[in-house]
Amino acid sequence: MTSSPIELVCPAGSLPALKTAIDHGADCVYLGFKDATNARNFSGLNFDPAQVREGVAYAHARKRKVLLALNTYPQTDNWSSWTQAIDRAAEYGVDALILADPGLMAYATRTHPQLRLHLSVQGSATSYEAINWYHEHFGIQRAVLPRVLSMAQVESVVAHTPVEIEVFGFGGLCVMVEGRCALSAYATGESPNCNGACSPGKHVRWEDTPRGMETRLNGILIDRFADGERAGYPTLCKGRFEVNDETYYALEEPTSLNTLELLPELARIGIRAIKIEGRQRSPAYVAQVTKVWRAALDKLKSGGAEGFSVLPAWMAELNKVSEGQSHTLGAYYRPWK
Amino acid sequence: MKLALGPLLYYWPRQSVLDFYADIAESPVDSVYLGETVCSRRHELRLDDWLEVGQMLAAAGKEVVMSTQGLIESESDLKVLRRIVRQSASGEPGFRVEANDMGAVRLLTDAGVKNWIAGPTLNIFNPATLQLMVDSGATRWAVAPEMSGAALAEVRAALATPIETEVFAYGRLPLAHSARCFTARHFNLQKDTCEFRCLSIMDGITLRTREGEPFLTLNGVQTQSARVHNLLADLPAVQGKAEMLRISPQGASTRGIVELFRAALDGAHTPADALAASRALMVEAPCNGFWHGRAGVEQYIAA
């Protein structure tokens, strides 16, 4: 291997995070507007029009790309908010739209045929048959895979589609197939699919009780922490529950995905982009993670797969910003399933 | 209003499944969805067995639909999917297909099948997307359970040509799919060597909060609600917004629930009485929040 074609796609939850990502070596940043049109619809996050313009100018001046996530599903009564978001994104000169809804893709191809389209992870496309459907209908040029396939399964997808494949490399781990999870909607009435929010903050309550610190989501007890134990954010699928009188993380521990050691293999099978999760995280997180992944990709590019090894310092840096200070290979590693 | 029996979401022993559908053949249900939609490791009935069950049900006058797997991961998953599409396209036996991911949509479209059902996991939330499915040959829309009655009425009103609409009306809500098997995890096993523990668990395993409140249900790679979604009390509002109701098979009393729905639709019960009568057949508290545009766990109108 003489060169690595893998692009590093980094999260930009704010303009400072965007600049930090670019400055630390991101090839692309992805961002969203300040509304429900994207799947990280949290207060204090995301971009207004002026910020998108400034971010695009900043990235383009440094020959980097800006991808705009419009990856939630509009409904009849709010449809025009999503199509207007597409129009604005085209006007601001973003390099690609990350979409999940086929209706919106049809609108984008009809109205802005020059715009490059990526299929969002929220599209839940896990097979080449699904990805090729979007390619044939809307000419999508890239698809982001949900975090559910093993390495061999990812390889098979890449081999059977002309569409570039992007995978998650680092950050929060969705245990469920993205775009197919209504757990948050069940508990709070707000869903990642339609409202762009999972376990949204306005439903969260931390309570210091004689039994310990309790975290609740819309009144539902998600976890309880002993003295000295760090109380985590009550994300539904990372809580501790009782199953047959046993209390444990029944779905998944609070942990981050970290595929650094899989990088040579991901390059070999033809992955075209690695996504770093974390638009809700700080610019400091973005800096740290981008720096490590840039270094790893550069090392792979210069030394090839044989010359590649994961430096302990990289892992130490990444573990500092991992959820629960721990990491997993997730579904890439079969026994995780 | 027609009644449909959704696909069996649990893993039951072969004879239990055969007995169950023999009983369903005698029930007042109009359509029956068959096939394994949850986990590709579940093999008590293979595709040929399901097609045979379908033929028995068709002979009993039921419309038969073959449902496709919700999460397609491997080439062998695609192989099953292709066979399901082929049987529909070739007319042998020619059962309709419920497409539960876009891969199925692509295969159905390529095969020229024109009467398939857009399944609840296709994420159809607006008229533009539904119209695309209709243009590709979908003739029925099984609405995602998280969509409210008001929202689905708006989609239908905006559509150029009406489409038969099916609403999830009874059963534990299918809320999420994962690559990970939570049942295997509970028994400290891996999915690849799960010992088929699902076989001994008729209705999934209840996951409770640490206050003992039933919250979710572990069903292999699927996570369901613990509460039973029940629209019996909402039937007057559902009528006019949908033409078909889906009842999801549960371990006990499925036939009783089907009969209760039929009776309620025929006007034998008031909405409140119908809900009250169903309580005796339910293993967990009811909920209907999704229909009302609220948290799914809520029982919005107490009866």
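Every residue gets a Cβ built from N, Cα and C, even glycine.
Listed in sequence order, the residues of the same chain lying 6 or more apart from B:C198 ([4Fe-4S] cluster binding site) and placing their CB within less than 8 Å of its CB are B:Y10, B:Y11, B:C39, B:R42, B:T183, B:N219, B:G220. The DSSP secondary structure for B:C198 ([4Fe-4S] cluster binding site) is helix. According to TrEMBL, the [4Fe-4S] cluster binding site annotation covers B:C39, B:C181, B:C194, B:C198.
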Intermolecular Cβ proximity, binding-site residues B:C39, B:C194, B:C198 versus chain A, under 8 Å: none
Same chain, 6+ residues apart, C-beta under 8 Å of the C-beta of B:C194 ([4Fe-4S] cluster binding site), given in sequence order: B:R41, B:C181, B:T183, B:A184, B:F187
Neighbouring C-beta atoms (10 Å sphere around the C-beta of B:C181 ([4Fe-4S] cluster binding site)): 24
Check: same-chain CB within 8 A of [4Fe-4S] cluster site center, minus B:C39, B:C181, B:C194, B:C198: B:Y11, B:R41, B:R42, B:T183, B:A184, B:K191, B:F196, B:R197, B:G220, B:V221
B:C181 ([4Fe-4S] cluster binding site) in three-state DSSP notation: coil
